[in-house]
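What Swiss-Prot annotates here:
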COMPBIAS  1-21  compositional bias 'Low complexity'
REGION    1-48  region 'Disordered'
REGION    69-89  region 'Disordered'
ZN_FING   95-122  zinc finger
REGION    126-149  region 'Disordered'
ZN_FING   238-265  zinc finger
REGION    266-293  region 'Makorin-type Cys-His'
ZN_FING   311-365  zinc finger
ZN_FING   394-423  zinc finger
Amino acid sequence: MEEPAAPSEAHEAAGAQAGAEAAREGVSGPDLPVCEPSGESAAPDSALPHAARGWAPFPVAPVPAHLRRGGLRPAPASGGGAWPSPLPSRSSGIWTKQIICRYYIHGQCKEGENCRYSHDLSGRKMATEGGVSPPGASAGGGPSTAAHIEPPTQEVAEAPPAASSLSLPVIGSAAERGFFEAERDNADRGAAGGAGVESWADAIEFVPGQPYRGRWVASAPEAPLQSSETERKQMAVGSGLRFCYYASRGVCFRGESCMYLHGDICDMCGLQTLHPMDAAQREEHMRACIEAHEKDMELSFAVQRGMDKVCGICMEVVYEKANPNDRRFGILSNCNHSFCIRCIRRWRSARQFENRIVKSCPQCRVTSELVIPSEFWVEEEEEKQKLIQQYKEAMSNKACRYFAEGRGNCPFGDTCFYKHEYPEGWGDEPPGPGGGSFSAYWHQLVEPVRMGEGNMLYKSIKKELVVLRLASLLFKRFLSLRDELPFSEDQWDLLHYELEEYFNLIL
């Protein structure tokens, strides 16, 4: 089905003749074509071109002059019984001039004078002021004068340009005066400024985190220019502006155009973290900076004390060892000689000497019960006692490897620094040495341990199972002779050490 063609010249001539007759008789029609109930005056003239083409004649209503130029075809009468009139052609674009451009109303039409839609806001203004009649229609049914009224020259001259009206929106203006009043004011400014190209080109830049600003502008007198520093201080004090994250940690790439506060530079940390007007914040920040500076100085002094310390066994500078794990000191509890942690532990684990010799200092032979690993060299007695206490507290939070696997007994007893507790699911605490004979207790110690839900030995590898069984038989034989053979203190210490090495291997 083909699209209906544009109105013919004969039809336009008929419409023009009918409009001329209506104008001579003093009859005025509305802006838009409206169907008349009867077409007596226009029927004879309008039927001629249709009769020539074989169409049925139908009445035609008078058409205004500005619509006749656009080529709009009037609608047929409802009671004529003829074919419906073809749709108007949109190729010419004249019909769009009857519709006000929605972008021009908001001051954002980028077409300017080349826009297909109307930029005449006089009819819209009168309709808004009247509040009852739409643009182009009058209350008495007569001709509408809104479409022919032009804004006064004085208002056009005094209206500000559209670009300046949208430079910095304010939220509260539309809420106080009403939305329609703000819309009318901005429509007047847009009409006075002509095309709204400048308004959308000079719009403010969107910044993440910036509060929402309304679309309309409140007419307010321009404030006198102030310096950027004074204005920023007033904003910071009045609105509680937050510090800029980037400026407080280095450099802000936005510079002076940043919407957040750039504080003063602190002499201690060198960052822009001091509030320009808040004295309490400045004092608190300075106190925190001084405390951090004191801690850094103490750390620097501690590192400086151990820079030239040489291990008394390997004769190497502790901080210059190849392995980073060996760059620690082994602090003896009763001696001030310096050793690296690796060398002093190897010395104290030697078995070819007596226990009192092993636990003594390699240089001064003073016995020390503890060896505390430390990254810094500690020499004063007060600092050493503090270090020992911190070491014991740290060890008390770790589970003892011998207590759980020994089913409630540790070879070191009360002198052990580690935590003695049973894992979850082990049930009640097993009986100690006082519950039976000493040989029976050690026999129970080397038996397989119930762990979790099933029975398993320390490891499930066949070789380790054989070693464990042989060790169990050896301990049973050795403990059976315990009451017959006298044991010295050093021999019992050696036994404890062998037990420790044994469990280290098996676990």
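Heads up, the Cβ atoms here are built off N, Cα and C, so glycines get one too.
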Check: Along the zinc finger (394-423), what average pLDDT does this model show?
Finding: 76
Next item on the list: Using DSSP, break the region 'Makorin-type Cys-His' (266-293) down into helix, strand and coil residues and give each count.
Entry: 15 helix, 3 strand, 10 coil
Note to self: For the zinc finger (311-365), how many residues does DSSP put in helix, in strand and in coil?
What the structure shows: 18 helix, 7 strand, 30 coil
